[in-house]
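Colleague: Sharing a structure, written as structure tokens. Questions coming.
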Amino acid sequence: MLLDNIISYLNQLFNPKKASNWDHVGFQFEYKKLNNINISKVLVCLDLTNDCLEFAISNQIQLIITRHPFIFNELKLEKKNPNKKQMIKKLNKHKILVFSIHTNYDSSIKQNLLEILNKKLKINSFKKYGKDKESNLLYLDQKISVNDLINDLKEIFSLNQIRLNSNISLDTKIKDFYLTSGSGASTMIENMLKDCTFITGEVKWDQWIYANSNNVNLIEIGHYAENHFIDDLKNKLQIKFKDIKIFSYDIKNQFIEK
């Protein structure tokens, strides 16, 4: 299958123009002569780690699709990471392309977030929210307690632990909540939210303080909760391109609690 066909399909689902202006989506390097490249093996992952790259090399992968950009800053800054510098050399040596779908995945209604939430929660409706439509405001069929919501989130995203703000009201019954993947608590502050329930992947210290001061039930589920991206992309690609072999790689959670 031609590379152009794969990228065109992905861009239709997750429009790069819908990415945040600070983001680095799409091809992670300035490649030359991409026209008419034939792709037979694709790898989907959350992040491109060294172990993931070794897996790609051993399986002769030609295209890696990541959730989080491999290159966020100028290349000379990225190369200050000794491991990443070596990884870039390996990518070039083995002629492996890297393509990232990040905030344009968040803003798209064609991702599978609603589908996986509905396995446990009864979602009545939802709408995209935030300046870049990076967040989701979800409405439930019936009220549930914040504590029940937390337990459901653990099951949905296979989480052992969740962090909560110290003033959270676990017994409060709610019928709607916000969910923003990644480091999304800035959306809560930018929109001056209060008296609500807000779920995101990563929370900074000042954002915990904001939540405690504004009656927000703030729930941090971690970046690994975004791992549903892997199965979502793999399934979509397998259905669309039956002549391509699609691999997936789970980098696992990158920290432990002690």
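Quick reminder: no glycine exception, Cβ is built from N, Cα and C everywhere.
On a predicted model such as this, the values are computed, not experimentally measured, just so you know.
The divalent metal cation binding site annotation in TrEMBL covers H68, D106, H223, E226.
Buried or exposed, and what's around them? Tell me for each listed feature.
Modeller: According to DSSP, D106 (divalent metal cation binding site) is assigned to a helical segment. Around the Cβ of D106 (divalent metal cation binding site), the same chain contributes D132, K133, E134, S135, T180, S181, G182, each under 8 angstroms and 6 or more positions distant in sequence.
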Colleague: Could you find out if DSSP has H68 (divalent metal cation binding site) as helix, strand or coil?
Modeller: coil
Colleague: For the binding-site residues H68, H223, which one has the sparsest Cβ surroundings, going by other Cβ atoms within 10 Å?
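Modeller: Among the binding-site residues H68, H223, the sparsest Cβ neighbourhood within 10 Å belongs to H68.
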Colleague: Enumerate the residues of the same chain, H68, D106, H223, E226 excluded, that satisfy the criterion Cβ within 8 A of the mean position of the Cβ atoms of the recorded divalent metal cation site; list them in sequence order.
Modeller: L46, R67, H102, Y105, S181, G182, G201, F229
Colleague: Tell me the Cβ neighbour count for E226 (divalent metal cation binding site), meaning other Cβ atoms within 10 Å of its Cβ, over all protein chains shown.
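Modeller: Step by step: centre on the Cβ of E226 (divalent metal cation binding site), count other Cβ atoms within 10 Å, giving 21.
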